[in-house]
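J.: Structure in structure tokens, see below.
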Amino acid sequence: MSVQGPQRRLLGSLNSTSPAAPRLGLAANQTGPRCLEVSVPDGLFLSLGLVSVVENVLVVAAIAKNRNLHSPMYYFICCLAVSDLLVSVSSVLETAVMLLLEAGTLAGRAAVVQQLDDVIDVLVCGAMVSSLCFLGAIAVDRYISIFYALRYHSIVTLPRAWRAISAIWVASVLSSTLFIAYYDHTAVLLCLVSFFVAMLVLMAVLYVHMLARACQHARGIARLHKRQRPVHQGLGLKGAATLTILLGIFFLCWGPFFLHLSLMVLCPRHPICGCVFKNFNLFLTLIICNSIVDPLIYAFRSQELRKTLQEVLLCSW
């Protein structure tokens, strides 16, 4: 809702371009380079946000309904859905309020609007941080379930899971409040970028190690059945494809946003970096897309959850 422009705030206005602007165009000024600027229509942004809201609400409802899903792994998935839900709700809310203000339908004092903007920005930032944290927590949980299978239930207990979940939410709220309060400090942006890189490295290392263990296990089975190449190659290709999709979507959806933050530190006034800043709304849209994809990757692949989801949908009719 702030009209200062996306590059002057940590989150800034989610729709700094005019609704009538073309979707794809070349922006230029007299001294700077020609820039490729992708404009995301407000209707598309709101529609994606609503799809994400529906998906993640269904995930939360299904896990809450089925007691068989009341385990640490599904609690982490549920919290990821809540984080993605908050990202979508707060982004849609900010966009809707800003459009109402621009249309003159909603009137308010500047101080009140600014306070509302700060609250929503804290909510968006906190949800982003918690979403990244729970993606890392799910990776750690899966790693322990594979490499410490016999001790998994003694390592990942419900009390420990609840403590981890509580710590993530508290840390997300505190860090997002500090990030928004000191958004114009270089250290804040560096912390956010470093956090993203740390989560990316953590997930890559854990999932690559899990893939290596799966391939090693497949080779052992192949030796017993004397079918080494077909079994090993089939599992290896399937695992590599899954790993590529998982990490690729994570990097594609989150990477541009954190590239934007990195360039705000490295070259805030450079014309070429300015071309990147013009696509800030596109980067936020990619994060919304990640909130849509997360349930497909982490939740809906579970047969038990899909069955419960069908029951939830049937009960709602």
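From the backbone N, Cα and C atoms, a Cβ is placed for every residue, glycine too.
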J.: Per the topological domain annotation in Swiss-Prot, are Glu37 and His70 located on the same side of the membrane?
T.: no
J.: For the transmembrane segment (73-93), what are the same-chain contacts with Cβ under 8 Å, counting residues 6+ beyond its ends?
T.: 14, 45-46, 49-50, 52-53, 56-57, 59-60, 63-64, 120, 123-124, 126-128, 130-131, 134-135, 137-138, 141-142, 145, 156, 161-162, 165, 168-169, 284, 287-288, 290-291, 294-295, 298-299, 302, 305
J.: With a Cβ cut-off under 8 Å, give me the same-chain residues at least six positions beyond the ends of the transmembrane segment (192-211) that come close to it.
T.: 10, 129, 132-133, 135-136, 139-140, 142-143, 146-147, 179, 236, 239-240, 243, 246-247, 250-251, 254, 258, 261-262, 265
J.: Between the stretches 38-63, 119-140, 241-266, 280-300, which wins on the count of C-beta pairs under 8 angstroms to the transmembrane segment (164-183)?
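T.: The stretch I would name here is 119-140.
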J.: At a threshold of under 8 Å on Cβ distances, which of 38-63, 119-140, 280-300 pairs most often with the transmembrane segment (241-266)?
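T.: Looking at each of 38-63, 119-140, 280-300 in turn, the most contacts to the transmembrane segment (241-266) are made by 280-300.
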J.: How does the model score the topological domain 'Cytoplasmic' (141-163) in terms of mean pLDDT?
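T.: Residues in the topological domain 'Cytoplasmic' (141-163) carry a mean pLDDT of 91 in this prediction.
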